[in-house]
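Take a look at the following structure, please.
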Amino acid sequence: MTDQTTSDDASVASSPATYCGFVALIGAPNAGKSTLLNALVGAKVAIVTHKVQTTRSRITGIAMEGDTQLVFIDTPGIFQPRRRLDRAMVSAAWRGAEDAETVVLIVDARKGLTDDVSRIIDGLRAGGGKAILALNKIDTVKRDMLLALSQELFETGVFSDVFMISALTGDGVADLKAHLAEMAPAGPFMYPEDQVADITMRMLAAEVTREKVYLRLHDELPYAITVETEKWEERKDGSVRIEQVIHVQRDSQKGMVIGKGGAMLKTLGSMAREELEAMLECRVHLFLHVRVTERWAEDRGRYSDMGLDYVD
Ligand SMILES: Nc1nc2c(ncn2[C@@H]2O[C@H](COP(=O)(O)OP(=O)(O)OP(=O)(O)O)[C@@H](O)[C@H]2O)c(=O)[nH]1
């Protein structure tokens with residue numbers, strides 16, 4: 001495709017058209033937003049665990065589809081806020097939705113039209129725009145139930161299109177991606193083509209370690225921890241030295257993260273290091289410290305570190 005411009009402006013006339021669209025993935029906690037983001041981008045950019053509300057920051061994934069660049073905003077789950085941290089997450093999620101040209105609401109087909117989903121639909125209706133519905137986890141439900149649910153949701157009037165997908169198996173994801181590319185307006189790419197995530201490597205590295213802590217200690221430490229990368233040093237031999245702090249709220253939690261004779265911390269460290277080495281394609285020296293930072297969830301400074309606003 002060529003731009004229709006005056007014929008004497010050869011450089012513009014001959015430059016290939018590019019398209020760039022911003023897409024917000026929204027949904028109730030655990031609907032599968034991070035899994036879908038990873039499937040769309042084809043690289044691990046958002047952590048996925050089976051715990052709800054693990055996404056704390058707005059992480060942007062970038063995908064290419066032909067001459068179109070799709071910039072994804074993975075928002076924290078939109079749900080009924082209770083604690084202050086919850087409220088900050090909800091407002092970040094809506095802010096993400098407002099920044100985007102296209103909103104995809106991901107609904108867990110197994111759970112259907114829950115109160116959380118109704119609330120989000122009300123929010124979309126109030127916003128006035130149309131969203132795309134992605135009915136996710138179709139690998140877990142029967143077809144007739146799926147059709148009834150998609151009908152019920154479509155009748156709310158807030159959706160322009162419905163896609164049935166499984167973010168986990170990849171079923172339907174390519175169709176959804178192709179559709180998102182078609183919706184993207186003409187414009188220059190916002191990021192270099194090979195860039196998959198515009199979050200800093202420090203944050204991504206912290207997310208990797210946090211994921212490991214959640215995976216190993218989810219029963220004991222529901223939401224009590226956060227991870228910060230304090231130092232990042234690239235060495236002459238091509239390796240990277242990373243120092244991170246795992247913040248916990250109480251001494252008893254510190255003990256759990258460290259484990260008997262330091263065994264747990266050692267396991268967490270080697271799990272995180274392996275993944276970081278694969279991601280960075282170099283040797284990683286990872287040093288983990290555990291620190292009791294009481295009431296970190298109320299700490300204003302940490303909110304901005306996570307890309308969140310402090311909401312009173
Ligand atoms: N069976 C099945 N499970 C899925 C699918 N998509 C996601 N899951 C699982 O659902 C759980 C939640 O997925 P996430 O991607 O972390 O969900 P999220 O919406 O980002 O969650 P929050 O960060 O809490 O907002 C994980 O255990 C996923 O493996 C799917 O298509 N099929």
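Along the chain as shown, residues are numbered 1 onward.
Cβ atoms here come from the backbone N, Cα and C positions, even for glycine.
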Looking at the ranges 136-139, 140-143, 232-235, which is given as region 'G4' in TrEMBL?
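Of 136-139, 140-143, 232-235, TrEMBL gives region 'G4' for 136-139.
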Can you say which of 27-34, 123-130, 187-194 is given as region 'G1' in TrEMBL?
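That would be 27-34, per the region 'G1' entry in TrEMBL.
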Which range is it, out of 3-7, 53-57, 298-302, that shows up in TrEMBL as region 'G2'?
53-57
Within 10 Å of its Cβ, which one of these binding-site residues (Gly27, Asn30, Lys33, Ile138) has the largest number of other Cβ atoms?
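Sorting the candidates by Cβ neighbours within 10 Å, the top entry is Lys33.
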How do the residues of the region 'G4' (136-139) split into helix, strand and coil according to DSSP?
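Residue counts in helix, strand and coil order: 2 helix, 1 strand, 1 coil.
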Grab the pLDDT values for the region 'G2' (53-57) and give me their mean, rounded.
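Summarising the region 'G2' (53-57) by its mean pLDDT gives 42.
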